[in-house]
Amino acid sequence: MAPQRAVQLSLKKPTYAVCVVGIETYLDVHSDVPKGAETFRVSGSSGVEVFTVYNTAQVTEPIDKAHWPLDAGVDVIISVDAASKALNDLKVNVSYFGQQKNSALGHSVLYLTGADISLDVDTGRTGKVKRSQGDKKTWRWGPEGYGAVLLVNCDRDSLKSRGIDLANTQLTSLDDLQDMAPMVLSCDGPDELFDSHKLVLNVPLSDSRRVGVFCARGGNSLSDYKQVLGPWHLSYEVERHPGERKISFYVEGLTFPDAHFLGLVSLSVSLVDTKTLPEVPHFTDTVTFRMAPWIMTPNTQSPLELYVCSVVDSHGSNEKFLKDMSDLASKANCKLIVCPWIENRNDRWIQDEMEFGYIEAPHKSFPVVFDSPRNRNLKYFPYKSILGPDFGYVTREIPFAGVSGLDSFGNLDVSPPVTVEGKEYPLGRILFGSSFPKSGGQQMAKVVRDFLKAQQVQAPVELYSDWLYVGHVDEFLSFVPTSDQKGFRLLLASPSACLELFQEKKEEGYGEAAQFDGLKRQAKRSINEMLEDRRLRNDNLHVQKCIDWNREVLKRELGLTERDIVDIPQLFFLKDSYAEAFFPDMVNMVVLGKYLGIPKPFGPIINGSCCLEEKVRSLLEPLGLYCIFIDDYLSYHKLLGEIHCGTNVRRKPFPFKWWHMVP
């Protein structure tokens, strides 16, 4: 450990100094020495450790360790191992000698007061604060890493509060303390020491708007906790009571990592000598936190809650759809939450409005809803109805340019954990769609992309989705959990697979079997007609090329092989050069564990069964999945969406701890 402070001795009068426990102090034995002195001897009272530092090539250690040469670069370092009981109760003596070793030419005396000052947080990531003598300034990733974790205090623990907890400078609920990281200031020493010294807690200006600190003064009332550091308070003179050895603080995060914030914040405490002008800090201890990132959960994580909207339109209510969702949720042992009409105002696209994720520290984890900048009729639902005790909220608003369809969160997905060329992504990788690279077309808003990238733990992959009329990645891909070693499959919509299936059925003699059979107010199309429709075929050749381009990106960026991909038969048609699903898009499904809520495709009926449904069952059920086909035709498909667009799922967090990874 490098010396922290130098103390110069005097032959004329005693010197007084404060020595912090565990901190080495350099003792200047060379500046004031008697004339003719050649050697020196140094000793310390009980509780003081004295040791010498020298170059062994130049200095031979004295036999009795009593007479060290003054001209050979021998340095003296002292430290104390405990706080003093009284002021100046520790002592160091230095005697100087000439050629006569038995008669000292002069003496210097140093009186020390030991102070135990330390700022400690959960650097070991155990969920509890432990005293640390190691490096508290540095934050390290990985299973052998260290450094404290800070949660963004983005929930609302008090139902009486109007806003998010982080906006409050006063505590509104004692439960809110559980969302904060504990921090302990050790401040042991004689009370008289603190008559001439003070402890000052500091936050750098750059971090002050990103972190808040509350001081705990005992008791169980809200008034016993006050905010001492934050956007309006850069320093705080600690109020130490007589005899007090430890003071507790609670630290809250105020903002997530983003484009101009890497996620690291620091706090420090200084022991300041008030007798000098200007006041001089004797010692400073600094701790560093990393803000916990917002983490998305993929379809492979178990479902906890299924959200869906109750709406009424020209076709009536979606009551039957809600019943189907209730049955599906019951099979998956998942809670169903229905957003009533009064809160959604007929905006049924709840997947587009928000995305569920979570934040986690060693001591606490809670879900956080990410509210999209889409801001249609569901705009207030995440903030008013989901934000609450231990349920956080975050959003990003687009400051200038208008919102595009790519900013809806049907255009946001995340893969299961993958390994790509030896690099592990234990929390998966985020996926979102944009225009074709370098085409200058639409992109997801920069504020959203910056936010996703800045979380670091789910490195985003940009796909090409702007070929779709709505433009969302959930229109051509999905992930499903499987019971085999791989653990998941990527499902891709496949016009080629659909045309191949129809050709096969035609050759089997079922060419007159019709698509949309049984649907009212929808023209039937026989297999023969669809196969002979040159425009439909050309449209799907174009769509297949777009999907194949994404297929290669996904294989490369997620480390997938063809065995990891399942092609789901699906046709599209072009409208103003953009693709829409020709029949309900089966990839746009809701995944609740092994139960899949799939849009009913109303495919050709052959031997009493829909050939499209039978094909999908044959592909997925051997993987341990259950395919449940649900009619969403009028309430969703005809409005350019499907089941996934009209539902949202909160899932269990990953068991893997994000701080164990190396981004």
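The backbone N, Cα and C atoms fix where each Cβ goes, glycine too.
Note that TrEMBL annotation is computational and uncurated.
What TrEMBL records for 1-113 is domain 'Protein-arginine deiminase (PAD) N-terminal'. Residues annotated as domain 'Protein-arginine deiminase (PAD) central' in TrEMBL: 116-273. The annotation domain 'Protein-arginine deiminase C-terminal' is assigned in TrEMBL to 282-660. According to TrEMBL, the feature active site maps to ASP352, HIS472, ASP474, CYS645.
For HIS472 (active site), the same-chain residues lying six or more positions away in sequence with a CB closer than 8 A to its CB are ASP352, GLY405, LEU406, SER408, GLY410, ASN411, GLY433, SER465, CYS645. Per-residue pLDDT, averaged over the domain 'Protein-arginine deiminase (PAD) central' (116-273), rounds to 95. For the domain 'Protein-arginine deiminase (PAD) N-terminal' (1-113), DSSP puts the residue distribution at 0 helix, 52 strand, 61 coil.
Here the Cβ of CYS645 (active site) has 28 other Cβ atoms within 10 Å, regardless of which shown protein chain they belong to.
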